[in-house]
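*Asks:* Have a look at this one.
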């Protein structure tokens, strides 16, 4: 079967400062189930966005050859018109509309410009049958579970005569049964001649149903494995996923002085009432004085949720289990309680919820401990300036002055401001969520050095990171998470890339 | 040459801050020329400032409400209702004015905390919550004035708030001496604070404007303060209304710039999520800001009732929209986190100047509304454009 439906040749896509895709070649044959596998940031989603026209023609280099023709998609609608449909992990449904309205949204069944609702319902029923979903088409989307919503998305794609269906981590939010169902459906669609590209972190699924699997790493195609040749199995995939050279240098730590346990979680669970599912499940974890623990895992593993649930629970999850600081049980009502107890959390999304971009460095640094620069509620500006100057110098923040707006700094310097803001709060336990995401190598090294200095002073650090190198290079112990569970704990000596990845894809 | 360059740079970089001052000066000069000097006459300026007092205090509170990304539509009728309650307490209950004023202000705070409860605790959009408040207090105002109609206030002390002036002590060439003294003290304080500010900044090696520009700025602003006091001194001097507005401005300016609470207000406005994660209690901040808003609405009600020397059934109508307009003209940003108390005062004066100037020129009321609407739209467009360019 050499009937190629899609070929992406030498695709290169650059974002300011980063090469997200570098000469990627990717070939899909008609009627196959083709998996795209890789670490976070390997370029899977970017590649699919190029394919579906999210990044318009001319925005990338290379060719997309679909059904034998070079395609130039300028917008998403162009790719939809030729039968390509993409279903994102975050479903794009309207929760307050019914199933049939959703299926035909943007593709309405019309008689001379007027919507024929009866016809719509009849057609929607056919589509629902195709995906084996037995619900009344008049049900509202919000009353369906995530698994069924996913099927509605697929029905929507089918209604547009889809030939190439792309699913971005379709089973990430599903339970076992729903995942099982979905995979069955994909196999069923394959029989009907629909080609399917799936992005997945669950290697078991890949091994179970893939015809082919292409592995991306750092924006490059590593290899395409073929099931017929017996090439697809978990260890092989992991080997190709992680085979990165460890050339990043991590600063030496002078001495490891690991003390008593400062934080302990026992059977810790967090239930997100808005999503309607548990985001952290039965986590057991401890952190000692002067220790860095790394929390590894792939996107959506529940690492940030774990951090938030510990740090005063700003998302109001329902919490179960116990958390103790220095042996004392804690029940934080607000983030301010966590800060008072000596915790600090440097967020993953520094622009979104970490910093006040329209404010100066000075005002950002003081924000998490205004009491530290105020007497009786009145701010001592001189004191504040001294504090800001101190962190600007000690963290080497490059800015014209501390009066510069944080929004105008580079990513690395913003991260340092974020760090400074939390160091000023004087924590014993510092949670760093993706501390070096999107910043250059020099700034990374500086942040690692700061981490080491802090540890030597007796602080404890929880570092959440998607970068395996960083996890292995900096941590004393590593916890690996997958689907809200801690799937394993590795010691510094025993950990390597394969072991971490195997736990993360469990 | 260098001086010109620096000036143009300075204006370009700070156009958002200076824009409304430039607009105000332009408006004043234009009206003064068109009315051949009547606009800037002592009597007119004095009236203009006194007549904008009750909107100015509302605009101060509204600025903070908008900074934390909310809105309060109820303030107009809260002012009207509490003004009427003040009149009733004074005239029908016979309470002393020194008791009535604190009672009214406390009632204002209570109303504000109720708004805060709806918005912060129950999560009702501020627009809807305060729209409900607007209807309720409109009804309440009618209810309390229904029996008697307009309530005439005959209390000299209370009426002096809206109509009285500081005593002159003495006249000097027909000028009000106390006003001149206050103006002189104002100029000295201004120069002193600028010098201290500059000294502090150079101590930390921050960029400061060059000496000639600094001197020009000092002379220019001092001249404006001196000129305005000179004008005011030519009529009845500084009114009690102006004293109250200046006090409110100073207190709020201090709170927003120098206190932890003020910092928290701007933090919540600029990024509520980051504020929460920084340990700031977003709910409490919302309560404080809504409470302060309604307290200022109560003050506005006192100023208005006192100025009219009576409580009427329609008092407070559209105050909220004037206050919102003044806040936006004064540079508050609808995206939250940006806006100054001093800006709100300037915004209120800009809007009052427009009305006053057009009245002097005999512009029809229909055109007046259109022009004021245009100015409001222009101010917000200006804000959006300069913000985009800033990025």
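Placement of Cβ uses the backbone N, Cα and C atoms for every residue, glycine included.
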*Asks:* What range among B:172-192, B:256-276 does TrEMBL describe as transmembrane segment?
*Replies:* B:172-192
*Asks:* Have a look at B:145-164, B:285-304 and point to the one annotated transmembrane segment in TrEMBL.
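*Replies:* The range carrying the transmembrane segment annotation in TrEMBL is B:285-304.
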*Asks:* For the transmembrane segment entry in TrEMBL, name the matching range from B:21-39, B:306-324.
*Replies:* B:21-39
*Asks:* Test the contact criterion for the transmembrane segment (B:172-192) and the transmembrane segment (B:122-141): 3 or more CB pairs under 8 Å, pairs 6 or more apart in sequence, then answer yes or no.
*Replies:* no
*Asks:* If contact means at least 3 Cβ pairs within less than 8 Å, sequence distance 6 or more, would you call the transmembrane segment (B:51-68) and the transmembrane segment (B:238-255) in contact?
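*Replies:* Contact between the transmembrane segment (B:51-68) and the transmembrane segment (B:238-255): present.
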*Asks:* Under 8 angstroms, Cβ to Cβ: which one of B:21-39, B:238-255, B:285-304, B:367-385 has the largest number of such pairs with the transmembrane segment (B:75-91)?
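*Replies:* The stretch with the most contacts is B:285-304.
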*Asks:* Rank B:97-115, B:122-141, B:238-255 by Cβ pairs under 8 Å to the transmembrane segment (B:285-304) and hand me the top one.
*Replies:* B:97-115
*Asks:* Using Cβ atoms and a strict cutoff of less than 8 Å, what residues sit near the transmembrane segment (B:213-232) while being 6 or more residues removed from its termini?
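*Replies:* Cβ under 8 Å, 6 or more out: 3, 6-7, 10, 40-42, 45-46, 49, 175-176, 179-180, 182-184, 186-187, 190-191, 194, 198, 238, 242.
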